[in-house]
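Report on the following structure.
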Number of protein chains: 2
Amino acid sequence: MSSHSKPFGEFDLIERFFKTAANSLRTNANQAITLGIGDDCALIKPRAVEEIAITSDMLVEGRHFFAGANPELLGRKALAVNLSDLAAMGARPIGFTLAIALPTADNTWLEAFSKGLFAMAEEYSCPLIGGDTTAGPLTISITAFGALPKGEAIRRSGAKPEDDIWVSGTVGDARLALAALRHEITLSSEDLQQIEHRMHNPTPRIELGMQLRNIASSALDVSDGLLGDLSHILKQSQVDAEIQLDKLPKTDTLQKQDLQIQNQFAACGGDDYEICFTASASQRDNIQAISKSIGLPLTIIGKTVPKKDDAVKVYLLHESGALLSDAEAAPFLKSFDHFAS
Amino acid sequence: MSSHSKPFGEFDLIERFFKTAANSLRTNANQAITLGIGDDCALIKPRAVEEIAITSDMLVEGRHFFAGANPELLGRKALAVNLSDLAAMGARPIGFTLAIALPTADNTWLEAFSKGLFAMAEEYSCPLIGGDTTAGPLTISITAFGALPKGEAIRRSGAKPEDDIWVSGTVGDARLALAALRHEITLSSEDLQQIEHRMHNPTPRIELGMQLRNIASSALDVSDGLLGDLSHILKQSQVDAEIQLDKLPKTDTLQKQDLQIQNQFAACGGDDYEICFTASASQRDNIQAISKSIGLPLTIIGKTVPKKDDAVKVYLLHESGALLSDAEAAPFLKSFDHFAS
């Protein structure tokens, strides 16, 4: 919580800037925060029956976002991707720290960035409680904290054979936006706008995660691509999976594309920030009720099956239930080491 | 806890590398960690009577360390500067997250860096519990967690007028090393080696911080320079201070320099990672006993006095007790806005 270098005026200003914004938010802050910004450490005090969930993500210019990216949306997304990890465990957000390196003290950029950041923080009752500011290549490192009842965290390791595999919302949209921005495909300006929103402004599924406690057997957030991320659940739970490609939930915009592209983007696209989870078939009614109550589509895309070999496998199925051929499955192999076909 | 970009082989390797090292350490891990690396979030469960202290620091190549810096020492220091913040609150380390951007996957560098990092982690029983790895300009962002009995955190705001002002160890050494490395001064190779060690391998004063709970009235760690950092205590506690420059604890090596340089480096140097704290004069015997029990010199360098004006002030005193003249005090003004002379 200190600069570890000689104080330099412009960055003192930045620090004060974030501090002021953070303090105005703290008036509504979570009771778990007993000390916010301004000391060597922040202090949090969970309730006696609670655990603290912790997640860290680092966003680097040129890798996770384009140079010149809209700073307001970047501020939103930087926090959203961390909240998405909290959601995947079923945690309620309680606060976050921000360490940020900035090449210059650009007031216009900072105002827009912090506007987005603090808007997201306020929407999810997740105040800034500390951090660090320095000069350097634009790098945003956030660590977010959530609370959840002891023992109720939804881990990746809890899936059982014959569980349903679910995914929230739609997948493949951010990948479609990326393809459009790279001029690999062409979209109408209306479609592009809608789909870019999904890429730049993901919605952390906090309410879903909290409602899935004691219902989902395992969960994670989809950030690197559905099938690749699903493999983490399979490895940690030691089960295989059958996935029906035609069941993957897709926006109308994605459905206008060639079927091969639809499936590729939905199955392997990345940057979706939806929740993939497993649950016993006996939970279907409960899960549909959750979907209705929070207004978010939840879709069964396949099921877990007993593991056959040492390495876990995903079996990709046609609508008919037949396995995809080697040639058909090959495009999906890129994001997953252990496919069966 | 995910890469938010397409997985790329070499960085998967790095992630596995940290994971393996972290897991080998977790066997001795703190009971507060209920889930370590490998899920969307780590989980910690403090004891019912405890609070969690949280601190984040970001180190950027070229600003906080030289390009080509010894990676093993860098690994140690990256964690040490965070542990130093925990020490200043009186917290016992329980774990940390690491978000790191690396320009390339250099195995030799990584092995040395993580050797230093995990050695420091083991010395202070502070396991790696999660994080993020990405490509980018070399940037190390650590968030560290500590536990302490509820209400016993040593804050910056607790100093009372007429408290003693103490500092641990010696100050000014890292600044002397920097001057030598910049060829501003010349040291014998023996002196340089000893003093460089203080710069590159600071010792977080964890044991001191824990023992000062309920004894110190305020504390912080000295990272930006003693007087500048002390001003944070003064502002938050709303007191002024009298500091006797001749009392600042200095190594023999620093004492070989010109007196003006000695005082300048000791008072304003930075990168010391000692603890500056205040305590009632009635605590002197207790504090001397702590000093003896942990083998760390603790020195009274002045006292707090009632605040006279709106802005807090530091009064710099000669050995005789006389105030420094304006001209004498001027060199110290650089790191402190509100000096009185």
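The backbone N, Cα and C atoms fix where each Cβ goes, and this holds for glycine too.
What TrEMBL lists as domain 'PurM-like N-terminal' is A:38-147. Looking just at the domain 'PurM-like N-terminal' (A:38-147), the mean pLDDT is 93.
The Mg(2+) 4 binding site feature in TrEMBL is assigned to A:D40, A:T55, A:D85. Annotation note: A:D85 (Mg(2+) 4 binding site) sits in a helical segment as assigned by DSSP.
As annotated by TrEMBL, Mg(2+) 3 binding site applies to A:D40, A:D85, A:D221.
The Cβ of A:H64 (substrate binding site) has no same-chain neighbour under 8 Å that is 6 or more residues away in sequence. The feature substrate binding site is assigned by TrEMBL to A:H64, A:D271, A:F336.
DSSP assigns A:S223 (ATP binding site) to coil in the three-state reduction, placing it in neither a helix nor a strand. The ATP binding site annotation in TrEMBL covers A:G131, A:D132, A:R156, A:S223.
The domain 'PurM-like C-terminal' annotation in TrEMBL covers A:160-314.
The Cβ neighbour count for A:D224 (Mg(2+) 5 binding site), using a 10 Å radius over every protein chain in view, is 23. Under the heading Mg(2+) 5 binding site, TrEMBL lists A:D224.
Between the C-alpha atoms of A:D85 (Mg(2+) 4 binding site) and A:R156 (ATP binding site), the distance comes to 12 Å. Of all the Cβ atoms in the protein chains shown, 30 others lie within 10 Å of the Cβ of A:T55 (Mg(2+) 4 binding site). Summarising the environment of A:D271 (substrate binding site), the number of other Cβ atoms within 10 Å of its Cβ, over all protein chains shown, is 25. The helix, strand and coil residue counts that DSSP assigns across the domain 'PurM-like N-terminal' (A:38-147) are 36 helix, 44 strand, 30 coil.
Relative to A:D271 (substrate binding site), the binding-site residues with Cα atoms inside 10 Å are A:S223, A:D224, the candidates having been A:D132, A:S223, A:D224.
Every protein chain considered, the tally of other Cβ atoms within 10 Å of the Cβ of A:S223 (ATP binding site) stands at 25. Checking each of the binding-site residues A:D40, A:T55, A:D221, A:D224 against A:R156 (ATP binding site) by C-alpha distance, the shortest gap belongs to A:D221.
Cβ neighbours within 10 Å of A:G131 (ATP binding site), excluding its own Cβ and spanning all shown chains: 27.
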